[in-house]
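Trainee: Shown below is the structure under consideration.
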């Protein structure tokens, strides 16, 4: 036999569409590399990478080609006005919003005339850490599934509150636990079917209070009691909201020391 | 087989009998083929029968007491099966890569080791030596290692605390990870016999760096000590060995102290196991090591500059990044803790 990476596509397993917004900065290639190394273990995974850029960059294009994953490469640039909040209403556009919405749009577009595969959509930022088990938990989501996320909300982890009957009844968070969906982007997955059923559900672009981005999407898709708790009724942590330090590049000086043609 | 064939032609059974026997034998042949394929590695090639009637050969084979499955008996098709296992199957021909990772307990430890394991799980013939900076091997690491499926060795040694300072500070004169890496070197020397060991490469991989899969294949061919660039060290986009036109290392492209004997990061070199075993006194110096000289303290006992083997396209490609993970903000845990401490993160 021949060892293959990723594992062969299966006709029976639901597909996991992973939407990852990304932007150029020194650690970008490292982040995407180790993320790809994780995804390469997951069967029937389709990676939708959306660059925050005016054009698809060579760095990301080459990385995706070499990785061997099933992928779609998109891009949309966040307008500077949104980035700086210069519109007359002081707005807060969390990063990645336009990119995630483009990912959703692509999905809806791709399956407007064809029968969609069974599967889920998951928003995976490029600096988080994902266990392989997580993907198997989310694979069989009927509407929206949820689970704990480490290192968010100033806590070791935030988690949905699950009743003995297995229903989500609230949120174990310190920061604003009364949000309709007090959950991090990495803590839920949505079935493709539901995304296509509700073609107008997107992340709100402007005027979103901190911590309410996820709510802005989920409120149009599901109610709390319709959520499916995963990860042993939300008692296991399978995803960590890690953040990578910005590297010190002080010795590059004004004119740069290293060869700029060497891709980092 | 030629003789068998000739012999049985003389005793040729009836056509009906041949058909019956073929219908019985053929499924078994295919079954044996599948079993054979699933237990041993290589691709099955197409074996077309080159002489005579295949059906008769099968029948003849069955009549003979010395029947065995020969090339000529495999009649049908190529089946290239793609099999996915994690990690990939062990190979008898590839040198083993012994990856030495010191680690210590802190909130992001499990996350770091999880994503590192996800990378290592792609690399054939990899042996992970995880050395905890702890008094005892912890259940978290024990469970994690077992659940990955990787080939591993789990060690521990605690860096002595500096009792004079308040709090949980390790002796600041001992760079972090040193005792742990040295323990791994000692374990390797105790485990492998220098005259008789399988080929191996030793690589020091910290748990927060990022490694491309290509890197491991580059280091696999190390004869003595191989080197390559590392991103995000020395205050630069990357540091790199200087390689001349003849493919020899003659210096170091760094801003910080380029005159160190080996101005290279821990993640920027690999050592052939044989060399480790041949120089049993070579260790990372424990105390009195100037910042940035730790790697030199080991390498100068092993090799000279001109012996270094440059990899990664003569040190022009970045295959490893010295990433660092932010300390997570846990302020909302408060004094008594908010989250369930029994839930492992």
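Here the Cβ of each residue, glycine as well, is placed from N, Cα and C on the backbone.
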Trainee: Based on TrEMBL, name the residue from A:52, A:176 that is recorded for the same UDP-alpha-D-glucuronate site as A:21, A:22, A:23, A:95, A:100, A:125, A:126, A:127, A:241, A:242, A:243.
Mentor: A:52
Trainee: Does DSSP give residue A:242 (UDP-alpha-D-glucuronate binding site) helix, strand or coil?
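Mentor: In the DSSP reduction, residue A:242 (UDP-alpha-D-glucuronate binding site) maps to coil.
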Trainee: Round to a whole number and give the Cα-to-Cα distance in Å for the pair residue A:125 (UDP-alpha-D-glucuronate binding site) and residue A:233 (N-linked glycosylation site).
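Mentor: If we compare the Cα positions of residue A:125 (UDP-alpha-D-glucuronate binding site) and residue A:233 (N-linked glycosylation site), the gap is 24 Å.
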Trainee: Which whole-number value in Å describes the distance between the Cα atoms of residue A:21 (UDP-alpha-D-glucuronate binding site) and residue A:158 (site 'Interaction with galactose moiety of substrate glycoprotein')?
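Mentor: Cα-Cα, rounded: 22 Å.
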Trainee: Name the secondary structure element type, per DSSP in three states, that contains residue A:214 (active site, proton donor/acceptor).
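Mentor: In three-state terms, residue A:214 (active site, proton donor/acceptor) counts as helix.
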Trainee: Neighbour count, 10 Å Cβ-Cβ cut-off, for residue A:251 (site 'Interaction with galactose moiety of substrate glycoprotein'): what number do you get?
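Mentor: There are 16 such Cβ atoms around residue A:251 (site 'Interaction with galactose moiety of substrate glycoprotein').
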Trainee: Ranking the recorded positions A:21, A:125, A:233 by other Cβ atoms within 10 Å, which is at the bottom?
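Mentor: Looking at the recorded positions A:21, A:125, A:233, the Cβ with the fewest others within 10 Å is that of A:233.
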Trainee: Helix, strand or coil at residue A:125 (UDP-alpha-D-glucuronate binding site), per DSSP?
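Mentor: Once the DSSP labels are grouped into three classes, residue A:125 (UDP-alpha-D-glucuronate binding site) ends up as coil.
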